[in-house]
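Encoded as C-alpha cells, the structure appears first; notes follow it.
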Amino acid sequence: MENTSNSALLGNANRTIQNNERNEELAQAEIGVSSAIFILAVFGNSTVFLVFLLRRRSLTRMHLLMLHLSAADLSVAFFNVLPQLIWDVTYVFYGNDVICRFVKYFQLVVVYASAYVLVMTAIDRYFAICRPLVSHQWSSRTVHYMVAIAWIISLILSLPQIYIFSYMERTPEVFDCWATFDPSWTLELYITFNSVTVYVIPIIILTFCYGRMCYAVWKRGRVGEQIVSSTNIQWNHTDMSEKAKNNQGNDQVGKGDLHGSYQYRKGGSSDGHSRHGQPRGAIPRAKVRTVRLTLTVVFCFFVCSSPFHFAQLWAAFDPYAPFTSK
C-alpha cells in the first residue's frame with residue numbers, strides 16, 4: 001500500500017491530514033517561528049564565525065571545531081530553515097524534480113552535519129581531558145579530518161532522501177515535492193532511522209564523552225587537593241623537626257635546613273601548586289571552561305531536538321496523534 005507524506009521531518013507541516021487543505025493559522029505561526037529561527041541562527045553563528053575567522057592564525061583545535069560548528073549551523077539556516085520558510089510562504093513547491101530532490105537531500109544533510117560536528121567536538125575534548133598524551137599528538141589537520149568525516153557521514157545517511165522525494169502531482173494539476181513510501185510501513189521505518197541516526201546516536205556519544213570528562217575533572221580536582229594537603233603536612237613536619245634539632249648543635253641544624261629545602265623543592269611549593277599556579281594533578285582552568293562551554297552547547301542540542309523527534313515518532317506511529325501534517 002502506497003503512502004505519500006510530507007511530514008515535519010520530511011517537509012511542510014501546514015496542512016491537515018483529513019482534507020489536505022492549508023491551515024492558515026498554523027501556516028502563519030510556522031512562518032513566524034521559522035523567520036525568528038532563521039534570523040537568530042544567522043546572526044549568532046555569523047558573529048562567532050567571523051570572530052574565529054579573523055583570528056584564524058592563532059586558533060586552537062577547540063576554536064577550529066567551534067568555527068566548523070558555526071559553519072554547519074549556518075548551513076542549517078540557509079539550506080534547511082530558509083527553503084522551508086519559502087515553502088511555507090508559497091504553500092506549493094515551485095521547481096522541478098531535480099530541484100525537489102536536491103533541496104530535500106541537503107535539508108537533511110546539514111542537520112546531520114550539525115549533529116556530527118558537535119559529536120566530533122565532544123570526542124576531541126574527551127581525548128584532551130581523559131587521554132592527554134594521545135591528544136597532544138593531534139594537530140589542526142586532525143580537526144579538519146574529523147570534520148570531513150562528519151560531513152561524509154551526513155552525505156551518506158541522507159541519501160535515501162533522493163529516492164524518497166520526487167516532484168509529483170499531489171492533486172489534479174497541482175504538483176509538489178512529495179515523499180512516497182511503498183509499502184506504507186516504510187514511513188515508520190524511515191522516521192525511526194532518522195531519529196536514531198541524527199538524535200539517539202549523537203546523544204549517546206555526547207553523554208559518554210562528557211560524562212567521562214566531568215568525572216575526570218572531579219577526580220583530578222580531588223587529587224590536587226590531596227597533594228596540597230600532603231605537601232603542607234610534609235613541610236610542617238620538617239619545619240618542626242628543624243626546631244627540635246636547633247638545640248643539638250649547628251652541624252645538626254645545617255642538616256635540618258638541607259632536609260627542609262629538599263622537601264620544599266619536591267613538593268613544588270608550600271601550597272602544593274606547580275610553578276604555573278595549578279594544583280598538581282588538576283586540569284588547567286582553560287580546559288574546564290571549554291568543557292563548560294561545550295556542555296552548554298550539548299544541553300541546548302538536547303533541549304531543542306528532543307521535542308521535535310519525540311513528536312515526529314509519535315506522529316509516525318500513532319494515526320490519532322494530535323498533530324497536523326501534509
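Just so you know, glycine gets a Cβ as well, placed from its N, Cα and C.
The feature domain 'G-protein coupled receptors family 1 profile' is assigned by TrEMBL to 44-326.
If you look up TrEMBL, you'll see 31-53 (among others) marked as transmembrane segment. For the transmembrane segment (31-53), the list of distant contacts is 59, 63-64, 66-67, 70-71, 73-74, 76-78, 81-82, 84-85, 88-89: same-chain residues at least six beyond its ends, Cβ to Cβ under 8 Å.
The transmembrane segment annotation in TrEMBL covers 65-85 (among others). Nonlocal intrachain contacts for the transmembrane segment (65-85), taken as residues 6+ away from its ends with a CB within less than 8 angstroms of a stretch CB, comprise 11-12, 31, 34-35, 37-38, 41-42, 45-46, 48-49, 52-53, 56, 59, 103, 106-111, 113-114, 117-118, 120-121, 124, 143, 146-147, 150, 297.
Residues or ranges marked as transmembrane segment in TrEMBL: 105-123 (among others).
The transmembrane segment feature in TrEMBL is assigned to 143-165 (among others).
Here the transmembrane segment (189-210) has Cβ contacts under 8 Å with residues 7, 9, 108, 111-112, 115-116, 118-119, 122-123, 125-126, 157, 160, 164, 181, 291, 294-295, 298, 301-302, 305-306, 309, 312-313, 316 of the same chain, all six or more residues outside its ends. The annotation transmembrane segment is assigned in TrEMBL to 189-210 (among others).
Sequence annotations record features per position, and here TrEMBL assigns transmembrane segment to 293-317 (among others).
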